[in-house]
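Here's the structure, in structure tokens; my notes come after.
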Amino acid sequence: MEISIDEEKSTQQLTSKKGGVRTMPFIIANETFENVASVGLHINMILYLLYEYHFDPATGAIIIFLWNAMSNFMPIFGAFLSDSLLGRFRVIAGGTVMELLGLVVLWLTAIIRSARPPECHAQPCPTPTPPQLLLLISSLALTAIGAGGIRPCSIAFGADQINHPENPQNERNMKSFFNWYYVSVGISVMVAVIFIVYIQAKYGWIVGFGIPVGLMIVSATVFFLGSLLYVKVKPNKSLFTGFAQVIAAAWKNRHLALPPNNSETSWYFKNGSNLVEPTNKARYLNKACMIKNRERELDSDGIPVDPWNLCTVRQVEELKAIIKVLPMWSTGIILATIISQHSFSVVQAGSMDRHLFGLELPPTSFSVFLILSLTIWVAIYDRLLIPLLKSRGLTLKHRMGAGLVLSCLAMVVAALVERKRRNEAIKEGFIDNPKGVVHMSAMWLVPQYCLTGLAEALNAIGQIEFYYSQFPKTMSSIAVALFYLGLGMGNLVASIIVKVVNVGTRRSNGVSWLSTNLNRGYYDYYYALLSILSFINVLYFLLCSWIYGNTQDINNWDDEQEADHGIHKI
């Protein structure tokens, strides 16, 4: 159906009245309150499982690990659902409702006494019944599914509101948005670590779980209040099927020879598309969009008779974009592994002097320094370094690589600090007393936290921005979901490393590097191992970066006109 010029202008004027900076409070508030609510639960959940459900530490840790893994893997499904079927607004809305439902169910397990095992007065403690366990697992699963809808779409949805390629300052605005969005997430995590955890410990689980429920209600309300102001990009209906069609068409045409560059070969693309010829990377897939016999392959309207035998250039390039970034994406797994290892730092802090200005800090409080370093770096980079350099600043590859180098350095510092702490413990006679507090300030742990936070600020934000820049707007939720998928993979790799080290280094007396008694263990060796893996990962990143090559192969994804009629050919 043809659209008149007047109708098109009217649509553009309507669109121009939506989006913009005014929508940011609604979107960022949704993500911020969701983070405060979910992080506040994750930190203390192990205590809830141990004291209220009478799980042993190993079983409780496994439940939390699976919960974290699911929370990080679900965003990839939310991203595909968003970009293919429902659109980002609907997926965020559904995710918000699902997570709120999960928090309410978890809150009910604290309110309803019969929803948990009876109090334990003698060993062995009663274990949860199947209905009690089902209620608990259901609450955790619902929150993970909800996070899978919010996390991959929220930042991309925000970018939709301010992304205006015709604006000369668009690139600068987008860079600031990514940086400050990540800062808002960091601040929300810091608030959760400081306040939510304290409230749960001070006032009990009913109040401690009730506050996250209230925060999610606020999150949902604020997000829906801005509904009429949002720019809502339509999903690409053929994303799922399109990838499969490209693979199938390339396989069917596998025996055909690819034409030389600058040949007269006809490529299939939609009318008005900017992508009229495939790139030379992953050229094998170009066979999917070659027009071999126009009379047989196209109908009278210029549409493929069999879309599983002939695809558009854009379909081919979308699949290439996913394939091309996977090696670069894999370089962030080790960084995610290192970030997930801070539980050991909590154990270390518990055996050190934690007094600061006359106050004794809890061991979990030191993770605040990671968030502070992340936030401070983003502020300095965005507001001072970029204007000072009067350029684009560090390239995305430079930022990602610098983050990996700093993560390696953080593990070197962690190994040195742990060696000093252990030597002090042995010197003071605590070799068989892991609960003994050595005369060594826990502030020695701050440098490794700060280096890790700086590494995350450089690499993680760089990752998200890199994926977003390499994908079309219709796939931007997938770009963010890739980052969360990397976090999930990092959790899995971390658990494998811990298991292998714990079993492989166990001696005849039952003591390993990661012994329960960290004064008899060798956690410094463990950190040294992580630093070696990080160094190898830096070399791997340099190789992947070199192979990836130019990041500007396609820079006009979002200018394409999504017309469904007719074709052009070259």
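Cβ coordinates come from backbone N, Cα and C, glycine included.
A quick note: this is a predicted structure, and the numbers were derived from the prediction, not measured.
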- prompt: So which range, 321-340, 361-380, gets flagged transmembrane segment in TrEMBL?
  reply: 361-380
Statement: Under 8 Å Cβ-Cβ from the transmembrane segment (478-505), and at least six residues away from its ends along the same chain, one finds 65, 68-69, 71-73, 75-76, 78-80, 83, 151-156, 322, 325, 329-330, 332-341, 460, 463-464, 467-468, 470-471, 512-514, 522, 525-526, 529-530, 533
Task: Would you mind listing the long-range same-chain contacts of the transmembrane segment (133-159), meaning Cβ under 8 Å and 6+ residues beyond its ends?
output: 23-24, 27-28, 30-31, 34, 38, 41, 53, 63, 67, 70-71, 73-79, 81-82, 88-89, 91-92, 94-103, 105-106, 108-109, 115, 174, 177-178, 181, 230, 464, 468, 476-481, 484
